[in-house]
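As recorded in Swiss-Prot, the features of this protein are as follows:
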BINDING   Gly170, Asp171, Arg172, Gln173, Thr174, Gly175, Lys176, Thr177  ATP binding site
SITE      Ser363  site 'Required for activity'
Amino acid sequence: MVNIRPDEISSIIRKQIEQYNQEVKVVNIGTVLQVGDGIARIYGLDKVMAGELLEFEDGTVGIALNLESDNVGAVLMGDGLNIQEGSSVKATGKIAQIPVSDGYLGRVVNALGRPIDGKGDIPASEYRLIESPAPGIISRRSVYEPMQTGLIAIDAMIPIGRGQRELIIGDRQTGKTAVATDTILNQKGQNVICVYVAIGQKASSIAQVLNTFEERGAMDYTIIVAETADAPATLQYLAPYTGAAIAEYFMYRGKHTLVIYDDLSKQAQAYRQMSLLLRRPPGREAYPGDVFYLHSRLLERAAKLSSQLGEGSMTALPIVETQAGDVSAYIPTNVISITDGQIFLSADLFNAGIRPAINVGISVSRVGSAAQIKAMKQVAGKLKLELAQFAELEAFSQFASDLDKATQNQLARGQRLRELLKQSQAAPLAVEEQVATIYTGVNGYLDVIEVAQVRRFLTELRQYLGTNKPKFGEIIREKKAVTEEAESLLKAAIKEHTEAFLLQEESVGSRS
């Protein structure tokens, strides 16, 4: 038998007494009455707050949304398959927040800020609330810096500024995501941090976007927040707010950010599902009464901050899907009324081969030329007017048999301008290239080129300018205006290239 020394026992007891800590914890606990379809009804939890996080026995987390007289309705951030009726629920006393840091750049995370790209944990420097209040009037200043998308049709006629909210709206398969991803690709070297939020999309579509970003080196300044179509409705509803919280972290540090919500129709559907299961009264199109507030509190977080707050900005490009071009449906009208303009993509234009399929007539930017550099204002003013007149004339000319020479010339010019706006996907243009392209079109230099050859002519002209007249690009970038020197350089380049191009066409024609 082992000898037990009394002094050893007494020292152990003394140590235990010294370390004894009498701490009383008050925990608010409830009982699950009913669970299913991502919703739990809980009895008890008298002191719970709206939006408070709840912890279930199996570790699942929920959010208390409905506070009723005899029970609490909570939405689950998980499948809830292991939650049983009668099990206990703990109120955590916290509301939803996510870790944030510079380490998020180049990563793919879910709506709770957890990495899902298999590259390990992300070190967090601080936590931010998923839903935080938008900056007030005094905290903001008006939008004045351009946010170049790299798409001529947008930068010339529907300009977007840093801190603006511009809706991208259109039917399915009209190139909405392409416009948004091209804008991200164009931010390379512009010191803009991009957040792409994918809500309820196919995993294959998100993988495709990620692949494009990686190939073009865009992941260096981009964060992807993704919740796929098979994710619980709660997480699809939270994803946009998470994206906004990550962007806010950078915005309040004086950086410029761009957030794309792809798309808010799916978020509204997820919220409708949650609300109907919580038995909230349905309104128009079965959406709950506060679906406007769902989007307004998200989009109001986009801002251009005042100089006292560091002049950071958050530009939001929400995407909304329409059914058969119906812009007057509930969600589209809501988001149109919240945003500072919309880019309308038309299925008819897309099918006619006009891509990006932007309907310039319906699209508008409420910030306007305040978000353009002087060089763009100098050349783009004429473009919108000429295209509007062309659209009118084209409709009229279908019924008229003989047209006078002036009308024929105007129609020919319009067709060339329409060609000028066409761009391939993932090929955004620098602002100096856009200025040169538009100048060539509106000043009639394309009138001698066949319509079918316009795109090739312009591509070669841009290459010619960059190689033989690099001074032009430097002037536009530095002075941000078309000076006399820049104009003479551009005119010389157009003249030289046109002569060479027409000679080449003649020789090809004579050979065939």
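Quick reminder: no glycine exception, Cβ is built from N, Cα and C everywhere.
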About how far apart, in whole Å, are the alpha carbons (Cα) of Lys176 (ATP binding site) and Ser363 (site 'Required for activity')?
13
How many Å separate the Cα atoms of Gly170 (ATP binding site) and Ser363 (site 'Required for activity')?
11
Most Cβ neighbours inside 10 Å, all chains, among the binding-site residues Arg172, Lys176:
Lys176
Mind checking which of Gly170, Gly175 has the fewest other CB atoms within 10 A of its CB? They're the binding-site residues.
Gly175
Among all chains shown, work out which of the binding-site residues Gln173, Thr177 has the most CB atoms within 10 A of its CB.
Thr177
Can you check which residues sit near Ser363 (site 'Required for activity'), meaning Cβ under 8 Å from its Cβ, same chain, 6 or more apart in sequence, and list them in order?
Met157, Ile158, Gly341, Gln342, Ile343, Phe344
What residues, ordered by sequence, lie under 8 A Cβ-to-Cβ from Thr174 (ATP binding site) and sit at least six positions away in the same chain?
Leu345, Ser346, Ala347, Phe350, Ala357
Chain-internal residues near Asp171 (ATP binding site), provided their CB is under 8 angstroms and they sit 6+ positions away:
Glu321, Thr322, Gln323, Ala324, Gly325, Leu345, Ala347
If you take the centroid of the Cβ atoms of Gly170, Asp171, Arg172, Gln173, Thr174, Gly175, Lys176, Thr177, the listed ATP site, which other residues of that chain have their Cβ within 8 Å of it?
Glu321, Leu345, Ala347, Phe350, Ala357
